[in-house]
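Noted in TrEMBL for the protein shown:
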{"type": "BINDING", "residues": "ASN9, GLU376", "note": "Mg(2+) binding site"}
{"type": "BINDING", "residues": "LYS16, HIS205, LEU206, GLY207, ASN208, GLY209, ASP280, VAL281, ARG282, GLY325, ILE326, GLY327, GLU328, HIS329", "note": "ATP binding site"}
{"type": "BINDING", "residues": "ARG90", "note": "substrate binding site"}
{"type": "ACT_SITE", "residues": "ASP147", "note": "active site, proton donor/acceptor"}
{"type": "SITE", "residues": "HIS178", "note": "site 'Transition state stabilizer'"}
{"type": "SITE", "residues": "ARG238", "note": "site 'Transition state stabilizer'"}
Amino acid sequence: MNKAILIFNAGSSSIKFVLYSPEDCDLLAKGSIDEIVSGAPSFQIKVDNEAWFNEIGCVPQTGSHQALSYWLMSYLHNVESLELLAAGHRVVHGGMVFSEPALVTPEVIRQLEEYTPLAPNHQPHSLAAIAAISSEWPELKQVVCFDTAFHRDQPLVAHQFAIPRALTDEGVIRYGFHGLSYQYIANVLPTVAGPRANGKVIVAHLGNGASLCAMRERKSVASTMGFSALDGLMMGRRCGSIDAGVVFYLQRHHNKSLEEVEDILYRQSGLLGVSGISSDVRELQANKSVEARQALDLFTYRAACEIGSLASSLSGLEVLVFTAGIGEHSAMIRRKICERCAWLGVDIDVSANEANQLKISSSRSGVDVYVIPTNEEIEIAESTRDHISGI
Ligand code: ADP
């Protein structure tokens, strides 16, 4: 029997899962269901010990995260040699309440449901996964780990909006997201960057969702995502920061309902909306149209502008880290962003960048620039293991 901790990361368009050994968090198996929004999802699994999974099931062709979560749990339940000890989840929004991982209880689920309007593309999927696990393994301990938690100690000026104070007190503040990714980078940065890891650092998490985090002493001091996961950088399908007046305009002059406006800004904007082609950087890089180029230009322009803004919150910049799908793999995006940050002292070594090397800054650069693959799942696994061992 193989004992394991199951880690579940329900994203906006994919479900990723990983099985780790409970003692050392060694990777046992990992898999994902991708392309969920297309309604024709694909399932893949990489297994360390192939005897576990000798039959790959046929994933239902649906765009429903809920149905796919239930299918996945029943699939895993049928693996006879697998004994789950606990499950850990990435949860995007923990509001003002959660600054630490928490054991799932009915009260915790109720609180998470309250935050669904703040992360409509993510929170319901995590809740569906929790329910699917409870239905297959009713006694299994589940731990939720929050993307917002890493940012909870930011200074007031970094998380306050200039709105009436009563709204701030009620929780209308900048929360910041991708905290599990930033926590992982903060943990490994000293090994990579030495003493500068504790200095003025900006981490660029550039995936389908994208944000920046400014750190000092490896703690978050500012980030580009705000109250919801819509704010800040341009993303795959999300617009990023936008004048709130656009929302009023769409409602008043285009007679759009709130749901329609939400759909435009969350799902029809970003790289997809500007290019009219795709939200996938690989496809846009391969496409020679003006629209594809403009979409990538806007993406890199916005990222560079926001790096400038966060550098101002740090009063300088010593280390810049690129991570997540685009940050780890697109040399072109990194080069364009870094070129715009030359005024901050950023200078990259073009061949190191093309080769996706760990350090891509040149010897002349005043800022050390790194490419570090993120690992949100190991962060969740360690928190889950520590949390259940402390019970
Ligand atoms: P998320 O976890 O937020 O769903 P990822 O971190 O997996 O997203 O990043 C997905 C993005 O990474 C996509 O836009 C994809 O185009 C981009 N990406 C992945 N591999 C490459 C590559 N080799 N070159 C350029 N972009 C890539």
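Cβ coordinates are placed from backbone N, Cα and C, and glycine is handled just like the others.
TrEMBL annotations: computationally assigned, not manually curated.
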Helix, strand or coil for the residue listed as 'active site, proton donor/acceptor'? Use DSSP.
coil
Please report the distance from the Cα of ARG282 (ATP binding site) to the Cα of ARG238 (site 'Transition state stabilizer'), rounded to the nearest angstrom.
17
Close-lying recorded positions around ligand 1 among LYS16, ARG90, HIS178, ASN208, GLU328, where CB distance stays under 6 Å:
ASN208
Listed in sequence order, residues with CB under 8 A of the residue listed as 'active site, proton donor/acceptor' and six or more positions away:
ARG90, VAL91, VAL92, HIS93, GLY94, PHE177, HIS178, GLY179, LEU180
Return the single residue from the binding-site residues list (LEU206, ILE326) that has the minimum number of other CB atoms within 10 Å.
ILE326
For ARG238 (site 'Transition state stabilizer'), find which of the binding-site residues ASN9, LYS16, ASN208, ASP280, GLU328, GLU376 come within 10 Å, Cα to Cα.
ASN208
Neighbour count first, Cβ atoms within 10 Å, every protein chain included; then name which of ARG90, ARG282 tops the list of binding-site residues.
ARG90
The record lists LYS16, HIS205, LEU206, GLY207, ASN208, GLY209, ASP280, VAL281, ARG282, GLY325, ILE326, GLY327, GLU328, HIS329 as binding ATP. What's the largest Cα to Cα distance among them, in Å, rounded to a whole number?
20
In the chain carrying ASN208 (ATP binding site), residues 6 or more apart in sequence that have Cβ under 8 angstroms from it:
GLY11, SER12, SER13, MET235, GLY236, ARG237, SER279, GLY325
Enter the number of other CB atoms within 10 angstroms of the CB of ASP280 (ATP binding site).
16
Which three-state DSSP class does LYS16 (ATP binding site) fall into?
strand
